[in-house]
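To keep things clear, I will list the structure first and then write my remarks on it.
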Amino acid sequence: MILKDIPMREKNNTKKIAFAGLLTALALIFSYIEALIPLAPAIPGIKLGIANIVVITALYSLGARYAFSVNVVRVIIAGLLFNGFFGAMYSLAGALLSFFTMLLLKKTGIFSVTGVSIAGGVAHNLGQILVAAAIVSNLQIFIYFPVLIISGVISGAIIGIIAYFILQRLPNSLLS
């Protein structure tokens with residue numbers, strides 16, 4: 001079969017799958033780098049979340065289905081490689097709540113990329129603290145939540161700004 005005989009829809013799907021694979025690999029690299037360099041060793045659980053740059057880029061450039069796949073594959077692989085089973089469980093809870101929060105806000109069309117990212121950062125931390133509260137069966141863990149909200153807002157803003165600039169520079173022809 002000659003390339004020009006392949007339907008345009010198939011070509012686009014192939015490009016999207018390849019780009020999603022590339023983004024997944026990049027997210028894993030970012031997760032590895034972040035595992036090597038703790039942001040705040042004095043404050044447990046605080047991370048910048050640089051792999052979320054990739055998830056937001058996927059959400060805005062590839063759509064929800066591909067972004068969800070990039071996110072879940074990255075979290076499971078990175079969690080098991082770098083954080084162990086419980087780390088993967090915390091990360092998955094945070095990533096899922098964050099993803100669906102970002103998807104919902106993106107669909108409204110009201111929020112900027114940075115606003116969506118900030119909400120995702122806070123939701124990620126909420127998801128993790130909910131799992132922690134369930135595991136330790138102690139609601140006093142929520143005393144730590146204000147620190148996590150501040151962390152989520154700051155890291156979400158940084159990640160959102162970076163993702164915005166990346167999205168501005170992605171060629172339109174990449175996925176069309």
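In case you wondered, yes, glycine gets a Cβ from its N, Cα and C as well.
Taken from TrEMBL, the feature transmembrane segment applies to 45-68 (among others).
Annotated transmembrane segment per TrEMBL: 80-104 (among others), in sequence order. Within the chain, the transmembrane segment (80-104) has long-range Cβ neighbours (under 8 A, six or more residues past its boundaries) at 31-32, 35, 52, 55-56, 59, 64, 67-68, 71-72, 116-117, 119-121, 123-128, 130-132, 135.
According to TrEMBL, the feature transmembrane segment maps to 110-136 (among others).
The transmembrane segment feature in TrEMBL is assigned to 143-167 (among others).
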(request) Give residue numbers and ranges for long-range contacts of the transmembrane segment (45-68): same chain, 6 or more residues beyond its ends, CB-CB under 8 A. (result) 16-17, 19-20, 23-24, 26-28, 30-31, 33-34, 38-39, 74, 78, 95, 98-99, 102-103, 106, 113, 116-117, 120-121, 124-125, 128, 147-148, 151, 155-156, 158-160, 162-163, 166-167, 170, 174-175
